[in-house]
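Engineer: Below: one structure in structure tokens.
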Amino acid sequence: MDIINKVTDAFWSTHIWLPPNTTWADIAPGSRPDVVHANYRDLIWPIPLAAVVMLVRYTLERFWISPIGKSLGIRSSRPKKAANVPTLELAYAKSSHLDHKWLAPLSKQADMSERQIERWWRLRRAQDKPSTLVKFCENTWRCLYYLYSFIFGVIVLWDKPWFWDVKTCWYGYPHQSVSNDIWWYYMISMSFYWSLTATQFFDVKRKDFWQMFIHHMVTLLLMSLSWVCNLHRVGSLVLVVHDCADIFLEAAKLTKYANYQKVCDAIFAIFTVVWIVTRLGFYPRIIYSSSVEAPRILPMFPAYYIFNSLLLMLLVLHVIWTYMILKIVVDSLQKGLMSGDIRSSDSEDLTDSSGNVRVANGSMRTKTKSGNPATPAAPVTAAGGVNQRKRGNNSSANNHTTDAATTTAAAN
């Protein structure tokens, strides 16, 4: 126990997490009658609140979003189930990707031809794919949450001085009061990420599963540390800036599933503009304040450099993602409308995580495979060559659009 206490004391050293000449007792709740400091014990509340968020999600998806999706004609049927072949099921449990080296031994063990095994494997993988309706419900729920979170965040911050002048994030630090609305904004935001962490094991499976899991955990860690260190002012600004673009990304995805292609294209264009304005406009203003203005107002301490370094890393990633988005949008406009899925929703369309990856608040990106959405067979006519070229262009645009949203989906 002595070792654990020493490690804990060393980790939570005031020389690391607090400004000079400040102790944990100085920022404890009730330490000053004129200041309501953040209480680290409140960090337990997002966990039970996450259960409430999941209940709200289930209710909305079951009784509102799903019926709307069905009324729009969104397919809810699942692919035909593959035959129960124990030998193949065992091999499939080890890896859903068929290694052609397995074909010969599996053919002998299952008493099936290699062609039959390949067909079974394709059917088995298709069986694991969620229906379009399931994906529509998931994206609609996220769109609704981000819309609520952004509106609620703006309402909460509207009368706060740091919403209009970022410098006020640093005045009086660390003795800054936490109002009830800021408390709820933080707690609900954290409960949402706790709910994502839990429901990720039941939602649409993607190849970046563990990367997204790490993303959620790192986000929760950063929010928790900012709460403990009383950095909730700048934390609330970062939250509201990042929620805005997510609304349009999820909206573009759900309109794609509903087959409103023109609406999807328009929303994706809006998303691109909003992304640039918020991620390369408003967010750098926060970075400027934390990097230039903050050192002029308060004494520096190690935790400041830790948090500011993470914010700067995120800004660099925003620049890279923006370049990718713009490049993909230009390529898509040159090759045809954005007719691909806004973000690949199943593992079929994404490569192994050993491929190209990216980190966003702790999350990583996988690049899509060359496999494109299936296109109808070309009619056997003199114009067949032209049709084939058109389909090639559309498929290329599909890949570009999928990459665009895969680049941005987990960054938010």
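Quick reminder: no glycine exception, Cβ is built from N, Cα and C everywhere.
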Engineer: From the ranges 183-202, 223-242, pick the one that TrEMBL records as transmembrane segment.
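Structural biologist: The listed stretch tagged transmembrane segment in TrEMBL is 183-202.
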Engineer: Between the transmembrane segment (183-202) and the stretches 143-163, 263-283, 303-326, work out which stretch tops the count of Cβ pairs under 8 Å.
Structural biologist: 143-163
Engineer: For the domain 'TLC' (134-334), provide the mean pLDDT of the predicted model.
Structural biologist: 91
